Amino acid sequence: MTEPLQWARYHWQRPTGSENRDDHERPYSYSSFLAFRGKSSQTPRLAGKHRVVVPHLQPFKDEYEKFSGTYVNNRIRTTKYTLLNFVPRNLFEQFHRVANLYFLFLAVLNWVPLVEAFQKEITMLPLVAVLTIIAIKDGLEDYRKYKLDKQINNLVTKVYSRKEKKYVDRCWKDVTVGDFIRLSCNEVIPADMVLLFSTDPDGICHIETSSLDGESNLKQRQVVRGYTEQDSEVDPEKFSSRIECESPNNDLNRFRGFLEHSNRERVGLSKENLLLRGCTIRNTEAVMGIVVYAGHETKAMLNNSGPRYKRSNLERRANTDVLCCVLLLVIMCLTGALGHGIWLSRYENIPFFNIPEPDGHVISPVLGGFYMFWTMIILLQVLIPISLYVSIEIVKLGQIYFIQSDVDFYNEKMDSTVQCRALNITEDLGQIQYLFSDKTGTLTENKMVFRRCSVAGFDYCHEENAKRLESYQEAASEDDDSADTPSGSLSNMAKPRAPSCRMVRSGPLGSISSNHLTGSCFALGGGASEVPHSRQAAFSSPIETDVVPDTRLLDKFSQITPQLFTPLDETIPDPPLETLYIIDFFIALAICNTVVVSAPNQPRQKIGLSSLHAMPIKSLEEIKSLFQRLSVRRSNSPSLASGKEPSSGVPNAFVSRLSLFSRMKPASPVEEEISQTSKSPQGSGNSACPIETEKQDSNVDVTNGKVESLPGQPLACSLCYEAESPDEAALVYAARAYQCTLQSRTPEQVMVDFAALGPLTFQVLHILPFDSVRKRMSVVVRHPISNQVVVYTKGADSVIMELLSVASPDGPGLEKQQTMLREKTQQHLDAYTKRGLRTLCVAKRVMSDTEYAEWLRHHFLAETSIDNREELLLESAMRLENKLTLLGATGIEDRLQEGVPESIEALHKAGIKIWMLTGDKQETAVNIAYACKLLEPEDKLFILNTESKNACEMLMDTILKELQKKNPASPEQASSEALHQPPAPLDSGLRAGLIINGRTLEFALQESLQRRFLELAARCHAVVCCRATPLQKSEVVKLVRSHLRVMTLAIGDGANDVSMIQVADVGIGISGQEGMQAVMASDFAISQFKHLSKLLLVHGHWCYTRLSNMILYFFYKNVAYVNLLFWYQFFCGFSGTSMTDYWALIFFNLLFTSAPPVIYGVLEKDVSAETLMRLPELYRNGQKTEAHLPLTFWITLLDAFYQSLVCFFVPYYTYQGSDIDIFTFGNPLNTAALFIILLHLVIESKSLTWIHMLVIVGSILSYFFFALVFGAMCVTCNPPSNPYWIMQEHMLDPVFYLVCVLTTCVALLPRFIYRVLQGSLFPSPILRAKHFDRLPAEDRTEALKK
């Protein structure tokens, strides 16, 4: 055994429980970090919340069994059932429904001889039928999951075998934690693994995460620090390190841990080192890693919660109605029991039908009444609709099918339509009262277009670019025309081609067959080993990529030439400070991001640092000499913020302090140990796509606002940028328009081709990514000329302004200079926000090597910690991002989506209160609110912007008093009733809008101010919450939903909207530019905001009305039919006898009358879609739940009682005194009841189609068919009375037809008269709208306008 392996075994035995460890020994230390720290680290905790990963190798067999051997393997199982447990587990789950448990109780009760009402088998038939249907559905769904699981588990990957000492093919299900896995391009990752090797010379691995978050743009993952420099693949046999990381969790954006080498050196691990299961390797020849999470412990599986289940508001109300029916059933059974006891007590002698028990004892009337109570429970069980829940599920599936089939929801550009992810809350779409919307990407297109910028205190309005945007007509189908746009478009340069992998080179990973490269792609993608074709990069439409430079700024760029910085001629003036600011500003735009550079002729192919033969090395050396000379010269400089452009002839006094290119300082020994300085301006020479660079011409010809193509421009246009956000892409394209082109990016270096200065290669020391807490991003680089450490930061202006340097060591002159620059920039920012632009500030900081080394020491500890890592990293970032020098600001336009103002106006008319919750600043949000008609010009705005809780409380009280004067109402009304009512019309008082920022919202959400805040918001027409964090968004939705008990809907498009979407009653995700996180967390997904109006106003209204009426109809038909049995008890001594055969009784509800209400629930249209869209006010019917009010429910039951009385007593008095038997009397009752119940549905239907009529006629025919066949075959089914030949005889009797017609007419007459009078004398808005549908098209349009 090698020495490192022996050390590792000894080292790991000690923390795992060895009792012979000396107390003074420290098993963990930063031995390699002692030069930095001077002391060892604390012993990490090996508690249960941490995971230790040991290599799956023979030398570590004992340790592997101690640690990794106890973790789960990579086999997945998403099924709920097995062959053995399917029946018991499915029955157990189904009996969680109270209705099923109730019918099971009745079936068991019918087996008790004393209370038996039916034949034992017949009572079980409805329950068995319902349980069987649901079991078959569950079984088929589970079998589909089983086949998919089996397919995935049997995929093949390369796993290192400790026995064969090589990589062998092994199924995914056999992979375990600690295994070494080798993957090739386009293979799917089988388990979560830490990346140890990549064939990319920079240690990069590109992955596509579309299976996790839906984002198609590539993500970069980095080989663990320390393994990047290895030229050959890591040999598992020589791997002697251990990994300690956090326990499995479902956070896709976090991974904390460290890798400890045999020399006790630790390297921090983050999400950048983790390859997640389900992602696909792209643009990388091959990679190798060690598994840390497998199977159901992987992040992908922990996030796979399946379809969401929510209980709809209507379903909860239906459960209440079921309880009411149970109460009604108990009353009817008590009546029967009491009647039976009284009937028995009237006989002085023992009646002949009261047979004594074997011991001669006779049942007393009281005991007989008690037994009869349970018999009546069995007899009248149909009062509770057992098939209601099954019918509801079928109806909702039908409704979802028609929603997803609506062509109006189809987005041709994105090739997507509406998705219904939650299958059981469709009717909630018709009852929404509050709508909470994100702004960016939801109301706007999230296509960021660079509009303006402010550099060094000067505003550049880009008028030519504005004219281009105004006249721009973007059409996705016109790719040929888009190539003629001013700066050239990248959208039409990506041509479909073969997979974008590099050629497999010879070496350890070169022996992988081409079949294996794509062998596992079909499992998750659906196609048979087909490699995905390339597609257009995200955020690369022509309107985003084509930027026309501002002529004034371009003139200043033309002055940036190598000759300007020639140090040999003292007569040439020094470059002005503004020019240096411009250079800094555009370098920051180009490199302060995470954009991946790719080439269109090789889509998805990363661009490395190329061999740039035309690089003006001599010029750069001259520039370096110049800045070294300038660093010691001091003189006065005109103010940059004075509004005048400074004279270029005055030497700059502040270059040494402000400029990026300040005096070069030698690197410290510590810094040399951390990272090597890139002194050569040339790249590494290892290029994925070598590109020959032409020498750039500094002459720029500007005519009529258009920029002619420059000699160097073809190089810039031959690049594609893969950005994670549209903001980043917009800034990179803007920099490219000014000849500051991002050429390549690796984890170690980034190269920018800057105008006439040529390619500049920056060494990347650190990247602090953007997060919602800091609201900024920073990149730490070492400049190739000055060799100084420079921090470039971009972020929200409210944050950056607070981090600017206040005092300067160079005296008050520079301090005054910066103050004026800050004031001017702030004025420009205010002007941008008033135009509705998104603003960002750009700043920088120059650090000494000592400062950077000190910061790096602290940051290293934060990176290698597992506990409280986020807090430590945030604290470390705060130490770096301060004392900044402001460079400028940008204004980016995010245009409104098509149809948003019209949709919001329609939703307002529908009575829906709309709140905008956004992270943008106040001015931008307010301007967007006006543009989308959320706020109207005549609205009075109230702004809540305070710095303390007391001030917030006082301001809210003041606003409330003013609103109460304008719109008087009691506080109780304002806080409860007013919120349930639609917004007041314009002429009914003051229309108010409330604007509140994130800081004040924090106070308003505190418990003591919640009620006041809700009361204030209730009196406002619209509410705009600015600078709101994702957590605040969800808290606002939760507050309104829980305190006001209203139906809420949240809509958003990004990951920051997920919590808000999940908290609301209905969550809607927009599949836009920011990936699919919001869609994956939503109940419904649409592609554009304008589709929301039809989804709610049309399909929401239909779904709610259909389902409400269907549920009421189910209760009606069950009560109407079961009451026939109840009325008969008054004439049979309450003996529990039925005048109908048991089979006919069971099939009546189960077959003959079950299909028509289901068809009604799927196809009913009370008003046409066009009318519903033209009259949004009709939506308020669902908000008030008018279709299913408690009063409506009880009126329906009273009508059912009346119809059952008519249906029973008309045949009773017709056949009174005759000698017909019991079943001959029951047959007209059954037949008349069938006609009454079906024609009742016809009266209630607003739109009868041929499908309705077909189903109704089919139900009637099936009833007669069953009665005729059953009557002909059943000779001795139920002695002494049998249904033999009864229907045949009745069909020859005219009295039978007369009874059926007369009974049906008398029973339905009141409801028919009520509907006629309602439609003519006091029509509801729905009926009036229905009248419009009957008009000719021209007359209908004219009537709707009026």
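Even glycines carry a Cβ here, placed using N, Cα and C.
Because TrEMBL annotations are produced automatically, they should be read as predictions rather than curated entries.
Here's what TrEMBL has on this protein:
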DOMAIN    66-123  domain 'P-type ATPase N-terminal'
TRANSMEM  98-116  transmembrane segment
TRANSMEM  122-140  transmembrane segment
TRANSMEM  318-343  transmembrane segment
TRANSMEM  371-392  transmembrane segment
BINDING   ASP438, THR440, ASP1053, ASP1057  Mg(2+) binding site
ACT_SITE  ASP438  active site, 4-aspartylphosphate intermediate
BINDING   ASP438, LYS439, THR440, GLU728, PHE770, LYS794, ARG838, THR918, GLY919, ASP920, ARG1027, LYS1033, ASN1056, ASP1057  ATP binding site
REGION    471-501  region 'Disordered'
REGION    669-703  region 'Disordered'
COMPBIAS  675-687  compositional bias 'Polar residues'
REGION    965-984  region 'Disordered'
DOMAIN    1079-1324  domain 'P-type ATPase C-terminal'
TRANSMEM  1111-1130  transmembrane segment
TRANSMEM  1142-1163  transmembrane segment
TRANSMEM  1191-1213  transmembrane segment
TRANSMEM  1225-1243  transmembrane segment
TRANSMEM  1250-1275  transmembrane segment
TRANSMEM  1295-1314  transmembrane segment
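A contact links the transmembrane segment (371-392) to the transmembrane segment (1142-1163), because at least 3 Cβ pairs that are 6 or more residues apart lie under 8 A. For ASP1057 (Mg(2+) binding site), the nearest neighbour among the listed binding-site residues (PHE770, ARG838, ARG1027), judged by C-alpha distance, is ARG1027. ASP1057 (Mg(2+) binding site) has a Cβ environment of 31 other Cβ atoms inside 10 Å. Counted over residue pairs 6 or more apart, the CB atoms of the transmembrane segment (1250-1275) and the transmembrane segment (1142-1163) come under 8 Å in at least three pairs, which marks the two as touching. For the domain 'P-type ATPase N-terminal' (66-123), DSSP puts the residue distribution at 32 helix, 0 strand, 26 coil. With every protein chain in view, the residue among the binding-site residues THR440, ASN1056 whose Cβ has the most Cβ partners within 10 Å turns out to be THR440. Averaged over the domain 'P-type ATPase C-terminal' (1079-1324), the predicted model reaches a pLDDT of 89. Most Cβ pairs within less than 8 Å of the transmembrane segment (318-343), among stretches 98-116, 122-140, 1111-1130, 1191-1213, 1295-1314, belong to 1111-1130. Each of the binding-site residues ARG838, ARG1027 was scored by the number of other CB atoms within 10 Å of its CB, and the largest score is that of ARG838. Using GLY919 (ATP binding site) as the reference Cα, a 10 A cut-off selects ASP438, THR440 from the binding-site residues ASP438, THR440, ASP1053. Take the Cα of ASP438 (Mg(2+) binding site) and measure to each of the binding-site residues PHE770, ARG838, ARG1027, ASN1056: the nearest one is ASN1056. When the binding-site residues ASP438, ASP1053 are compared by the number of other C-beta atoms lying within 10 angstroms of their own C-beta, ASP438 comes out lowest.
With respect to their backbone Cα atoms, PHE770 (ATP binding site) and ASP1053 (Mg(2+) binding site) stand 18 Å from each other.
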